[in-house]
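Undergrad: Below, the features straight out of TrEMBL:
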| type | residues | note |
| --- | --- | --- |
| DOMAIN | 14-133 | domain 'LD-carboxypeptidase N-terminal' |
| DOMAIN | 208-329 | domain 'LD-carboxypeptidase C-terminal' |
Amino acid sequence: MRLKRYKLNKGDTIAVLAPSSGKAAEFPNVYKKGIKNLEEVFGLKVKEYRTAKMNDQELYNNPRIRAEDINSAFDDAEVRGIITTIGGDDSVRILPFLDKNIIRNNPKLFMGYSDATIVLTYLNQLGLASFHGPSVMAGFAQTKNLPHSFQDHVNKFLFSDFGELEYKSYEAFCDGYKDWNAPETSGEISILQKNHGWNWINGKDDATGELFGGCIEALEFLKSTIYWPKENFWNNKVLFLETSEEKPTINQVKYMLRNYGTQGIFRKISALFFGRAIFYSNEEKVELEKMIFDVVVEEFGAKELPLVTNMDFGHTDPQFILPLGVRIDVSISNKSVMLNATE
């Protein structure tokens, strides 16, 4: 899938809205920092929709209004892209109110992660590219305190007409942010740690396929619903999964993965990526990685499936932008991952 029609230009207007959480009302200083960085660092104009500053209770009580904001942003000729304020936990409740005709007829960049995985999946199933990446409050608010390579990545991804883009691990990462209740630390991050790179734990041959995935807990909401991809969808997909800040137990992740295995998904996909698990100790990360290998490779027999863990997407900072529906090439021999947006 070509990304040219989703490309932004400096000075373009983007919509900011909340599909789920009202954290912008709870932590306005963090929200304002994110808006400021979008404007001053990335040169975008921001159009704030009504849900952007609504509180949790208002948003919870009004799933239709949340959906209407998304419909309106897609229908707004002034708006070239949409970025979520942050995640949440009930975007699934807005799906019946989304207008697929408006959205399908006005394709534009939509970016977020965590619970926004729900909307990203919905857009993907309509045949649009959707963008798993930073949100206003988690990613853009921290831009100036993250390695400069994050700005470079965002600029190249959003504003350049690239054909191919190689993903390379960031030099450092952090788990979470400083206290959002303290205005003086708005946009500051926890301690940066050295990034030792990705772990290539399985696979013999190179692979290629279309990206699909997101937050593993959010995707659970969609299973066995009309919004879950059909059986033949999974052929030759590169599935990417990551855990949220709620830190599901290793057993919980195991049970979720067994569901994918029972659906036959590990036999159909081309590769599997796992994001760096936030708030897990180093020992827990090792245990998590072993469990992923045991379930995918040993229990469900995906002996040759390329499997890469500890990658820089999802609930980690800085994070990659991963476009659902776009081809990605995985080289086992070179240990490289290349996005191919030429088709």
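Cβ coordinates come from backbone N, Cα and C, glycine included.
Unlike curated records, TrEMBL annotations are generated automatically.
From a predicted model like this one, the values you see are computed outputs, not experimental measurements.
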Undergrad: Would you mind splitting the domain 'LD-carboxypeptidase C-terminal' (208-329) into helix, strand and coil residue counts from DSSP?
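TA: Across the domain 'LD-carboxypeptidase C-terminal' (208-329), DSSP assigns the residues as follows: 43 helix, 31 strand, 48 coil.
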Undergrad: If you average the pLDDT over the domain 'LD-carboxypeptidase N-terminal' (14-133), what number do you get?
TA: 98
Undergrad: So how many of the residues in the domain 'LD-carboxypeptidase N-terminal' (14-133) end up helix, strand or coil by DSSP?
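TA: The breakdown for the domain 'LD-carboxypeptidase N-terminal' (14-133) reads 65 helix, 21 strand, 34 coil.
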